[in-house]
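Participant: Before anything else, here's the structure in question.
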Amino acid sequence: MNIMDFNVKKLAADAGTFLSRAVQFTEEKLGQAEKTELDAHLENLLSKAECTKIWTEKIMKQTEVLLQPNPNARIEEFVYEKLDRKAPSRINNPELLGQYMIDAGTEFGPGTAYGNALIKCGETQKRIGTADRELIQTSALNFLTPLRNFIEGDYKTIAKERKLLQNKRLDLDAAKTRLKKAKAAETRASSEQELRITQSEFDRQAEITRLLLEGISSTHAHHLRCLNDFVEAQMTYYAQCYQYMLDLQKQLGSFPSVYHCNNNQTSVAPIPSASSNVIGSSPLTSTSGLVITSPSNLTDLKECSGSRKARVLYDYDAANSTELSLLADEVITVFSVVGMDSDWLMGERGNQKGRVPITYLELLN
């Protein structure tokens, strides 16, 4: 028998097996043939594996969306990954915003309050962008990759063996059906022999599938460790962002906003970020846990006679000619004037004199 004859016979046998399985499957669906049921333990393992696969895919895809909201960028990264090539580095949104702020601040002038504040904000946004990049890299390595390896590796092997088990089960039930229909003794003996073989193959495949499925518990334990790594990466990222913004808030205390009434142009003293040493203020705690300041009794200051020295806590740009610009840490002379708003004092530096907001001062003994 030559190779061609062997291949023809093999193809004919395969076609016969496929046809037998198809007939058995169809008759089962129509309720015309019996079906061998898997044991309850194996069914539970199969259900657990399928559930693990479905939720792992959903978690993996949504994590990818969380880390990279841009769908076009995700597609590009997927293509480069399939080509086994490194995707080109691109600037992320915080970094781009930071660069725009720095460019705007440079054009407005680093010496101006707004320009300087923009530059500081831009630098912070760039640091957040760097932290965001590190979060993506760490999460992809420690969380997404293990999930993807399960879907594309372990579960594919399970699905392959599960399909093979299904085929062996169909072969077994088809053999049982033929044995029931066999009438002649010779045909019956042949059917019994076929049944023993298919039963043995089915039992062997069921055991192989069961051993693979029992590994799902180990997969869950591994994914739990990966989840802890992901949470730790997020914790590091958000802690960095919080610290960056906290530092930025302190820096921006040097660039307070000054509001004016549209009707009479009366200046209202701005309240800086946070300080427990500001004149006429006491620390209060907000629901978010941040310390803020609010005006309180200024009797001791108003009742003091003559002038007092005061240290400037924050830079302040005069809004008009009646006010005095201030520089942080300088010492000036202050005194009260009858009829002046309680939020303001008269400040004096050499030959310069003007109103100054009390929230920017600390009285010196």
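Glycine is no exception: its Cβ is also placed from the backbone N, Cα and C atoms.
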Participant: Looking at 123-157, 158-192, 193-227, which stretch does TrEMBL describe as coiled coil?
Facilitator: 158-192
Participant: Grab the same-chain neighbours of the coiled coil (158-192) for me: Cβ-Cβ under 8 Å, and only residues 6 or more beyond its ends, written as numbers and ranges.
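Facilitator: Those are 17, 20-21, 23-25, 27-28, 33-36, 38, 46, 49, 198-199, 201-202, 205-206, 208-209, 212-213, in sequence order.
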